Ligand code: ADP
């Protein structure tokens, strides 16, 4: 059976922590889909769905990573069923992620329409405390973003802050 993996997230914006998980998982499975949760109308996201796709596309191209990017809404398990996903990938940072991630995966297991396994990849040491919200906070305060995000994302963050 083909191993089709999905790495879902908000990616608002994609950080080097996410990229690390994407790179590592792209070598493990037959196919990797990066799933962007569609912004709801009430969402406070900084980036539109299209901007998120563009940023991720630029990174995949530059890094030579093979993965598909898809935007989805509704239940995660419905999307997984539609795309024949049998592996769900999540990243685990500090202990604080654990409880939420466990809840996330068990809830989805209960709702699932087809069998899947969740694979947790531990965050690399340098990205353990890196999150999209932290990156936005640094951007708002005009801090150096180069350690947290790639150049293309940094440029867009600065654009947003300046507007
Ligand atoms: P969400 O808003 O749904 O948590 P994110 O885009 O923030 O989505 O994260 C998607 C997944 O990536 C989650 O499993 C999260 O734990 C993981 N993740 C986020 N940042 C990092 C990081 N720095 N290192 C490893 N995994 C991460």
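Note: Cβ is positioned from N, Cα and C throughout, glycine not excepted.
Given the structure is predicted, the values throughout are model-derived calculations rather than measurements.
Quick look at what TrEMBL annotates:
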type	residues	note
DOMAIN	6-137	domain 'Cytidyltransferase-like'
BINDING	10, 42, 76, 90	substrate binding site
BINDING	10, 11, 18, 91, 92, 93, 101, 127, 128, 129, 130, 131, 132, 133	ATP binding site
SITE	18	site 'Transition state stabilizer'
Neighbours of residue 132 (ATP binding site) among the binding-site residues 42, 76, 90 (Cα to Cα, within 10 Å): none
Cβ under 6 Å from ligand 1: qualifying binding-site residues of 10, 76, 90, 130, 132: 10, 90, 130, 132
Least buried by Cβ count (within 10 Å) of the binding-site residues 10, 132: 10
Farthest-apart CA atoms of 10, 11, 18, 91, 92, 93, 101, 127, 128, 129, 130, 131, 132, 133, residues recorded for ATP, distance in Å: 18
Lowest local Cβ density (other Cβ within 10 Å) among binding-site residues: 42, 90: 42
Spatial neighbour of residue 92 (ATP binding site) that is closest, considering only the binding-site residues 10, 42, 76 and their CA atoms: 10
Binding-site residues: 76, 92, 128, 130 - member with fewest neighbouring CB atoms within 10 Å: 128
Residue counts (helix, strand, coil, in that order) that DSSP gives for the domain 'Cytidyltransferase-like' (6-137): 59 helix, 28 strand, 45 coil
Intrachain C-beta neighbours of residue 101 (ATP binding site), sequence separation six or more, cut-off 8 angstroms: 90, 92, 120
Neighbourhood of residue 18 (ATP binding site) by C-beta distance under 8 A, where only residues 6 or more apart in the same chain count: 9, 11, 91
Between residue 76 (substrate binding site) and residue 128 (ATP binding site): CA-CA distance (Å): 25
